[in-house]
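Here is what TrEMBL records for this protein:
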- A:His169, A:Asp170, A:His173, A:Glu185: Zn(2+) binding site (BINDING)
- A:268-291: region 'Disordered' (REGION)
- A:268-283: compositional bias 'Basic and acidic residues' (COMPBIAS)
Amino acid sequence: MAKHVRISQLQKLTSRPCHLIHPSSPTASFRCFSVLNRPTPNYEGHLPLTRTERIGLALGSGLGSFLDPRRGDLIASFGEATAQPYFIYKLRDRMLLSPTGRRILRDRPRLSSTSLDIPRLRNLAPNTVGYAYAAWLDREGVSPDTRAAVKYIDDEECAYTMQRYRECHDFYHTLVGLPVFREGEVALKAFEFANTGLPMTGLAVFSAFTLKKAEWRRFWDIYGPWATRNGAQSDDVINIYWEEELETDIDQLRARLGIEKPPDLRAMRKAEREARKKEKEASETMARAAV
Amino acid sequence: MPPRISLRQARKLPPRSAVWVRAQPQRRFASSSADAPDVYDVVCVGGGPAGLSLLTGLKASPITRGLKVALIEGQDLQKTRLPRDASLETFSNRCSSLTPASVRNLQEIGAWAHVNTPRVQPYQEMQVWDGVTDARISFDWHTAKPLLSPRNPAQPTTIAYMIENLNTVTALLSRLEQLGGVDFYTSTKVNSIDLGADTEKMDFSSWPILTLSNGKRLAARLLVGADGANSPVRTFADIESRGFDYGRHGVVASLKLAGQGWGGPDHKIAYQRFLPTGPIAMLPLPGNKSTLVWSTTPERAAKLKTLSQNDFVAMVNAGFRLSPTDLEYLHTLPSGQEEEVAWREEHTPVNERAIPMQVADVQAGTVVSFPLRMRHADTYTSERVALVGDAAHTIHPLAGQGLNQGQGDAAALVRTISHAVQTGQDIGSTLALESYTSERYAENNAMLGVCDKLHRLYSVESGPLVGLRSLGLRAVDAMGPLKALFMSRAAGGS
């Protein structure tokens, strides 16, 4: 428990000054950017960080999310702290090179349960993206409204790119059909890293070392190779206008993007569990028979 | 066997009557029989800035004034002349940046007084930056000064003069007409150049004999090739010209800006942004006019030429403001760039005062492009032949040095000829011409190399080189004396 306290303290430490000391004049803030003198935010909710703060945030949130991968807020901060200065611009540029990506940047749609109208999605045909998404949300018991707002990315357009990536994360789950527990997340993060190039997703793959032996073997043999191959070969998933694809056939969408669906992880785990159980039973019978 | 070339394109032209200005009584060397050529001391092929500057230089000097010279030019020079009262609302799209050294030379030969001055725009500052990293260097004589010493107030502040090539040519032509003594063969092509024969009257066996499209034959003691990059004279002299195509085109256009420029009418600024596809440059002309030189891929150049005027204007504005990524996408659109650029400008933070003012309009019909090449002849001289200007070398336009090199060549060749005349040498002999090559070759080669390396350096889009070049650019920007050295080299000084 102690580690969580420490990390949340760190977060408070980095974010407190910008709430308290907002620069009074933009010219003064321009001259000297320090903890005591922050420039005006570039967009609503923006917290400009100094370089030291950024490094501190990256280390602190990185360590925190490694130790407890359920801390979504820390993963989000880690993602933002490591995406700048280079990677988020590259991802934004990839969006700018695609007509759909440009349209997303222009419209700046936000994904939430209200904007998506989840009950309507449940009534769509079962082969559609929208139905699969709603079914996936129900199966995993998550909601699209839990995504935190971006605050540490300096460029407002890149901040939106980060926000979009984050909000679409559940759609990526649906697209590849991977569940939210650690093993599925690691495989999806590997896919995302190969596809988006965001460092957070790549570093998150290192949590594969914390997997159990059987999970690790599955990742190494099946999901890892699948993720890198598909992530690198398929079109950029950030450039999918999900709001317009809700009624598309999900297999058609996968084919269009060039993504092969990986084997069903939940089914595989279940089968393995059952196999183990059967084996155990068999050995027990054998033992009894031997006796 | 004497080398012989025939000029195919010349045959295609309908025979036109040659304009033959005879300004002084012709001296007779040979008999007046039909097949005997007219003998000249200097025959210059090509009436561009370099060729005209050479002839003006020869006629302006008391030492070489007596030489019998002829000019052969395929076009009618009178027709393309810039009218004295030409409107300042329109400008030719072929402009050059004349360095102070070139202007000094034009003053010395008396041509600068004939220039249409209201159409010339001196500029005092130059802003150059990296399109990928925004690293910037600014050139002006205020920041570039020797260490620890104040700037010499007597030193001129002008970096160079923007002038239409037409204005330069017209001024030289006016001066040449004032001086007189040149036989003009205009609207006349050279059909062939052969070596002469050993006749009873004179041994022409080492002399180039030119057959013109009007049937005239001229024998040249010294044949000067000022006939451009595909020089027929160079081909005749069997001088190899080495180099390569950049795979880039230069798009030029005459533009109208939103205002006179950030420095006002007395402090004009030239801008150049290095994009991975090539540099885009905006150079000031009088008033709110500017000229564009955008080096880019042939595909993009072709696309730019097909755009509507509004979209083209938007693309030029984008070229100085938006990211290489946005530019890449914009070139794929068939139309509608204006709207797209307006949206992108909202999301691309730029310091407006550090880049040229917004382009308001483009002069209709001025958007054209030409391929960029780097060529350098192995030598500039051979027996009775000398090459000047583009015939000897072609250069990437990123430093605006092409026309200035031609002016430097012409001035050097005048000096060489005048030395030969003074010392009683044959002006066509390789020995006499030797000093011309030695004076110009190394200097031109260095400039060609520098521009070529700059082009290569800035073609790189990503990787460690991008960081290094930005670091280097900022370092040079901070070092006044080093910058002053570069500026004086680019200004044609030493």
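Using N, Cα and C of the backbone, Cβ positions are placed for all residues, glycine too.
Values in this document were obtained by computation on a predicted structure and should not be read as measured data.
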| task | Would you list, in sequence order, the residues of this chain other than A:His169, A:Asp170, A:His173, A:Glu185 that have their CB within 8 A of the centroid of the site's CB atoms, where the site is the one recorded for Zn(2+)? | result | A:Phe171, A:Tyr172, A:Leu178, A:Val180, A:Leu188
| Per-state residue totals over the compositional bias 'Basic and acidic residues' (A:268-283) - DSSP helix, strand, coil | 16 helix, 0 strand, 0 coil
| message | Please give me the CB contact count at 10 A for A:His169 (Zn(2+) binding site), counting all chains in the structure. | response | 18
| request: Return the residues near A:Asp170 (Zn(2+) binding site), defined as same-chain residues 6+ apart in sequence whose C-beta is under 8 angstroms from its C-beta, sorted by sequence, else 'none'. | output: A:Tyr133, A:Trp136, A:Leu137, A:Val142, A:Pro144
| message | I want to check the contact list for A:His173 (Zn(2+) binding site): same chain, sequence separation of six or more, C-beta distance under 8 angstroms. What comes out? | response | A:Trp136, A:Glu140, A:Pro179, A:Val180, A:Gly184, A:Leu188
| Cβ packing number for A:Glu185 (Zn(2+) binding site), 10 Å threshold | 20
